[in-house]
Amino acid sequence: MTDLEVSAIQVIDENKVFNSLLVDYMKQFYSQNNSSDDKGLNYHIVSVFGSQSTGKSTLLNHLFHTKFDVMDESQRQQTTKGIWLAHANHISSSNESGDFANNTKNVFVMDVEGTDGRERGEDQDFERKAALFALSTSEILIINIWEHQVGLYQGANLGLLRTVFEVNLSLFAKNKQRCLLLFVIRDHVGNTSLESLSDVLTLDLQNIWSQLNKPQGTEGFELDDFFDLKFVALAHKLLQPDKFIEDISVLGDKFISEDQLFNEGYHRAIPIDGWSMYAEQVWEQIETNQDLDLPTQQILVARFRCDEISSQVYESFHEQFVKSNWDDLSFTEIGNSLKELRQNAVQQYDILAGRYSESVYLQRKKLLVQKVDLSILEVYTSVLQKLIRQSRDLYLKQIESSLTKKEAGIIFYQVLDNAERESLKYFNENTSLISFVDVDDSEARSYDPSPKLRELEEELSNLRTELVNKEQENIKTKIPRKFKSHFKLIVQDELSNIKPSSWEELLDQFRQVSEKLLAKYKSPDSNYDFHLGLSKEKNKELHEQVLIKFWIKFKEILNDFVTETNVLRLLVSKFEDEFRYDEEGLPVVWKNSAEIDVKFAKARNSALDLLPLFSLAHTAEGEILPDYDIAHDEAEAESDNEEDDGFKESHKFAHLLSARDQDAIRNKFKKQTDALYVETKRSVINSKTEVPLYIYALLLVLGWNEFMIILRNPLLITLLLIGLTGLYLGYKTKLLGPIVQVVQAMIQELQDQAKNKLRDVLVSEPEAPSQVRIGKEVDATKDED
Ligand SMILES: Nc1nc2c(ncn2[C@@H]2O[C@H](COP(=O)(O)OP(=O)(O)OP(=O)(O)O)[C@@H](O)[C@H]2O)c(=O)[nH]1
Ligand SMILES: [Mg+2]
């Protein structure tokens with residue numbers, strides 16, 4: 001790459017081909033300006049236009065410190081071919097030290113191939129197109145002209161200008177784009193004043209203007225509707241080199257100055273980053289001979305550039321976006337990150353694209369934001385979804401912990417209310433951490449969390465219904481179960497000692513226990529509220545259902561207790577109590593069997609009297625009837641709990657034992673008590689030691705002789721009679737027993753006395769033999785060992 005290539009670039013070559021590298025060339029001058037607020041408009045394009053070899057390149061190089069090729073004096077041939085562009089390195093100045101100033105305004109200069117070139121001959125196509133191009137893109141068009149050419153139509157290239165004006169009219173009539181024509185009169189020797197030269201040139205231009213074939217609708221436009229004219233003269237470069245340089249410095253001052261040459265009205269308002277594209281499009285249209293519609297070009301450039309900026313911004317956004325590890329971030333971090341990413345993207349786009357046509361910029365911005373939002377919303381929605389899950393879990397956890405605490409006076413629906421409040425609070429607080437877009441912003445409607453809030457509310461409400469239903473079922477099973485375990489004992493106690501008033505008492509107890517179990521749900525107005533937040537009607541219904549269950553449980557308890565075996569056992573036990581024990585509760589000692597018969601009949605009757613009490617639950621007012629029709633619910637409970645064995649119990653509450661059951665009990669009772677009766681009787685007979693009759697007969701036969709001896713002996717008979725009389729008297733005075741006892745005691749005493757006498761006789765025998773016997777015994781035991 002030569003120095004020239006570095007400092008200047010050929011925009012359009014001699015074959016009319018546009019250089020695509022222009023984009024890169026321009027880039028080095030705007031990249032650092034991206035974030036500045038000059039909107040990319042801090043640059044100027046100046047072109048030079050004139051006959052071949054009139055020192056155009058020389059002028060630019062001096063004025064703007066560029067390095068365009070200039071003609072070698074010895075060859076005198078066309079030097080500049082096509083159109084060249086260079087960023088002015090400095091601008092010559094008479095004021096600044098070092099004779100130049102920095103190019104802070106970013107002045108670009110275009111060196112255009114000279115007209116009337118020998119090399120192109122009669123082909124004026126390129127010079128016309130080049131002129132048009134320069135005119136369409138530049139703010140200031142320097143027209144380079146020798147002093148001696150002034151007033152000569154051909155020499156000043158005014159013929160070409162005529163064509164340019166015509167085309168210009170059709171191009172700029174719509175938006176009245178203005179441009180400065182800066183005439184630089186070269187080799188001004190000073191004989192004719194600059195003013196006179198200016199007048200001649202102005203007159204010439206106005207003549208040309210008036211003779212133009214103006215397109216329809218533009219007839220009324222004057223030259224100065226589109227062009228400002230300015231004139232500068234430069235001294236002869238060879239004859240007055242110092243003056244030449246000085247004149248150039250003075251001209252440079254005008255370029256440096258804010259208001260001498262440049263004017264906002266001349267600027268095409270294409271941001272610098274879009275200029276190369278703009279230039280290319282303009283050239284393409286000029287080349288293909290299409291109508292050069294500059295406003296449309298500007299829109300096209302805007303669209304292209306806005307698209308380019310948008311995808312560039314999106315790319316950097318996306319790069320950042322995928323880098324973030326969203327799962328590991330807290331809600332606040334996610335919120336901040338999303339906010340930052342979105343803001344950065346929008347800001348970047350605004351800075352770069354905000355300089356282009358507003359409609360295009362806004363339209364493309366909308367598309368960009370939509371695209372960015374697609375990614376952001378994905379994260380945002382998934383976070384909201386996660387929040388919904390967490391809030392729901394929190395709701396359930398709160399309820400669970402409140403209910404397991406088992407605090408006194410816990411109100412179920414208040415627990416639900418609190419949990420719901422906490423859950424929604426959690427959702428809203430965290431949502432505010434991650435939501436970052438103003439919901440009023442139409443672009444950001446998707447960020448509105450309220451639909452998700454409603455989703456959560458709906459979910460909580462469904463959960464609530466579910467929990468309330470579950471709790472209702474709980475109440476319907478738990479309280480009756482409690483009732484059963486409690487009331488069962490009462491029933492067992494009462495029925496184990498059943499008496500006519502028992503049913504009255506049980507009914508009373510039933511009401512008391514029911515009341516007690518439901519006491520905590522009773523409100524002051526005597527209605528029931530089960531703390532589920534139910535309506536009055538629903539509460540009433542639930543209360544009724546619980547009472548029905550109580551009745552069913554009552555019935556179950558009765559059915560469990562009043563069974564054939566149980567009743568039989570109770571009757572037998574009642575019978576035994578009465579039969580075996582006397583009034584004081586002492587076991588009865590039977591004296592005779594007649595007594596057994598009497599007591600047996602009495603005990604049996606009083607036991608059997610209890611059977612009707614068991615069979616039918618009734619009070620003085622009649623059989624007990626439940627407050628509700630429990631048949632339906634009872635059948636339901638049965639089909640749930642028990643297998644259907646084909647046996648259908650009577651659903652009448654009070655009917656506990658059927659006639660058949662009662663008969664069966666009666667029979668079994670009879671059998672058992674009969675057995676007891678027989679057993680008792682036998683035990684009484686067994687206790688009397690009766691002598692069989694044949695003994696008496698045998699005694700009579702064997703003792704006949706002795707018997708007769710007694711009868712024939714008057715003494716013996718008298719003694720016998722006295723004895724018999726004594727026995728009779730003893731019997732009559734009931735002294736027989738004591739007499740017998742005394743006699744028995746005497747006999748016993750006699751026996752004991754006799755035994756003692758015998759023992760004394762045995763003990764008083766000689767000692768020696770006994771010792772020997774003992775010794776022998778000892779020896780014998782030794783032998784055995
Ligand atoms: N008399 C005179 N000669 C000049 C002046 N400026 C430049 N020249 C000479 O004119 C010749 C042409 O100069 P260039 O600057 O190459 O002219 P140009 O208009 O760029 O030529 P092309 O690019 O070929 O159209 C050179 O030999 C210069 O030395 C001037 O002000 N007066
Ligand atoms: Mg040149």
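Heads up, the Cβ atoms here are built off N, Cα and C, so glycines get one too.
In Swiss-Prot this protein carries:
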- Gly50, Ser51, Gln52, Ser53, Thr54, Gly55, Lys56, Ser57: GTP binding site (BINDING)
- 451-479: coiled coil (COILED)
- 40-266: domain 'GB1/RHD3-type G' (DOMAIN)
- 1-690: topological domain 'Cytoplasmic' (TOPO_DOM)
- 736-785: topological domain 'Cytoplasmic' (TOPO_DOM)
- 691-711: transmembrane segment (TRANSMEM)
- 715-735: transmembrane segment (TRANSMEM)
Requested in this report: Go through the binding-site residues Gly50, Ser53, Thr54, Gly55 and pull out the ones with a Cβ less than 6 angstroms from some atom of ligand 2.
Outcome: none
Query raised in the report: Under an 8 Å Cβ to Cβ limit, what residues of the same chain, 6 or more beyond the ends of the transmembrane segment (691-711), are close to it?
Result: 717, 720
Query - Conformational class of Ser57 (GTP binding site) under the three-state DSSP mapping - result: helix
**Report entry** Local Cβ density at Gly50 (GTP binding site) - other Cβ atoms counted within 10 Å
**Finding:** 25
Query - Other C-beta atoms that fall within 10 angstroms of the C-beta of Gln52 (GTP binding site) - result: 20
Query raised in the report: Counting other Cβ atoms within 10 Å of each Cβ, which of the binding-site residues Ser51, Ser57 scores lowest?
Result: Ser51
Report summary line: Note on GTP: the CB centroid of Gly50, Ser51, Gln52, Ser53, Thr54, Gly55, Lys56, Ser57 has further same-chain residues inside 8 Å, namely Thr80, Gly114, Asn144
Report summary line: DSSP, reduced to three states, assigns Gly50 (GTP binding site) to strand
